[in-house]
Amino acid sequence: MAAVGSGGSPASAGPGAVSAGALEPGTATAGNVKHLVLFLHEAVLVQYVDTLKLAVPSLIYTLQNNLQYVAISNLPAATFQVTYQLKILTTALFSVLMLNRSLSRLQWASLLLLFTGVAIVQAQQAGGGGPRPLDQNPGAGLAAVVASCLSSGFAGVYFEKILKGSSGSVWLRNLQLGLFGTALGLVGLWWAEGTAVAHRGFFFGYTPAVWGVVLNQAFGGLLVAVVVKYADNILKGFATSLSIVLSTVASIRLFGFHVDPLFALGAGLVIGAVYLYSLPRGAAKAIASASASTSGPCTRQQPPGQPPPSQLSSHRGDVSTEPFLPKLLTKVKGS
């Protein structure tokens, strides 16, 4: 069977052989569209076993998207935004279990801080949290958002494991995800609303607001890809914190959401946890060293005639200099 990769030599000779240049979608000009089609046939259909591996995360992402609709329908937008940050905790736990990753003490502490903040916000929500629509069920919303976070963490780590264990490029894997996701979504639509769609049409109910949500989701996915490629995890942490603040402000303005001290405390803990978790290992060690030096005794002087101790380099490879975050180069569904 011909090997298909993102940077290797051309596949074995034959009518279906495709050069590696057809891997990137930007090369699909008038001269090599045929080669791209042949490559997709080889990578998606001929090597179907490799393609079927993407059915698992695609099914989970499709389920996750529907769980998010249930959660946001039963929780205030600000509460949902804060609680949904639990996906950082679930992703970290699955990465330790499935990828044998190690987390620093500061990251474990930030995860505990994150869980505490979410628990405080949920306690505030259970205690009343101001007026809310009668059709909202906070219990169902919490269950949906927790299930969505669990599925997001597992699917993200599973997808990363597939990327690192095969030679297929990221865009090919996203194409395979899209194929399964579209098929599963259509099956779910037919099962739930098949009669209504057949009677009223597929695009019935697509108001300008709905199209705005669709375009916003697509544009947000592109922005995530740009942030991952050109920015760092600290900036991503600031963006997450800003999204919580903006969601809270918009909820106050549009839905009359009430911010009490308990919610402010929980949201503040979550924002601080996201920032601490996003710090690079070098910065985390510097913070720990600074706190130890201010609370401990004076540093020991080097005896005369002895060479100074060797300084440890702050660059020890990707594992030491980068915090754990799923290293996906593009936005996939549900993330």
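Glycine too: its Cβ is placed from the backbone N, Cα and C atoms.
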Practice prompt. Have a look at 59-80, 81-102, 235-256 and point to the one annotated transmembrane segment in TrEMBL.
Written response: 235-256
Worksheet item: Of the listed stretches 108-127, 171-191, 262-279, which one has the most C-beta pairs under 8 A with the transmembrane segment (235-256)?
Response: 262-279
Fill in: Residue numbers, six or more beyond the limits of the transmembrane segment (108-127), whose CB comes under 8 Å of its CB atoms
75-76, 79, 82-83, 85-86, 88-89, 92, 138, 142, 260, 262-263, 265-270, 272-274, 276-277
